[in-house]
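The following features are taken from TrEMBL:
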{"type": "BINDING", "residues": "K3, N4, D5, F6, R7, R128, L129, G130, F131, G132, A133, G134, Y135, Y136", "note": "ATP binding site"}
{"type": "BINDING", "residues": "V48, E53", "note": "substrate binding site"}
Amino acid sequence: MNKNDFRKAQIAQLNAHAAQTQAAGADLLRQLLTLPVWQHANTIATTVSSPIEVPTEPLIKAAKAAGKTVYLPKTMPKRQLAFLPDDGPRITSKFGIPEPAFDVTKQNQNVDLVIVPGVAFSLDCHYRLGFGAGYYDRFLAEYSGPTVSLVAPVQQFDTAQWPVEIFDWPVDTLITTDLKNSL
């Protein structure tokens, strides 16, 4: 199956299992908070989740409560991401995702930790399948810091069931509800 067909089928599965994915969020966040990479990070980048994704608002609140600065992605021309602090009103993007307003003086592409979203993740090699525009793959090609993804059961695959291409970037750490799969 090609990437686009797999992605469409996987998004349908995410919609069908949205309640379970939302419910898994608390356990995944609890695990994240125990990781040294989280504990040592002063700056965290994440996205504002949609209803079919692991919820990120609790993560954002936990980071701020711990004194961390949270950065959210702003979609830019040429499918680039600019990470900006979550310190003001959010503006809904053309993708329906709340984003910060762009301010070049606040942009930070070298945060201490990036929480990477996706629709599917391979447990063996940590490859992810995103929503299809390539924004995160372009960012990850230039980013050298640690990456983590919070992976609900419906997003887990033992190995990639989609074609992995040269421009696809693996995630350093996958956190799952099944502790033996969290790496």
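Note that Cβ sites are derived from N, Cα and C of the backbone, with glycine treated the same way.
TrEMBL annotations: computationally assigned, not manually curated.
Positions of TrEMBL features highlighted on the structure.
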residue : record                 : DSSP class
K3      : ATP binding site       : helix
V48     : substrate binding site : coil
E53     : substrate binding site : coil
L129    : ATP binding site       : strand
Y135    : ATP binding site       : helix
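The Cβ of A133 has fewer other Cβ atoms within 10 Å than any other of the binding-site residues V48, A133. For A133 (ATP binding site) paired with V48 (substrate binding site), the C-alpha to C-alpha distance reads 17 Å.
Of the recorded residues, Y135 (ATP binding site) and V48 (substrate binding site) place their C-alpha atoms 15 Å from one another.
Of all the binding-site residues listed here (D5, E53), the one with the fewest other CB atoms within 10 A of its own CB is D5. In sequence order, K3, F6, R7, Q10, G118, V119, A120, F121, A160, W162 are the residues near L129 (ATP binding site), counting only same-chain partners six or more apart with C-beta under 8 A. Cβ neighbour density within 10 Å is lowest for F131 among the binding-site residues F131, Y135. It is 14 Å from the Cα atom of V48 (substrate binding site) to that of F131 (ATP binding site).
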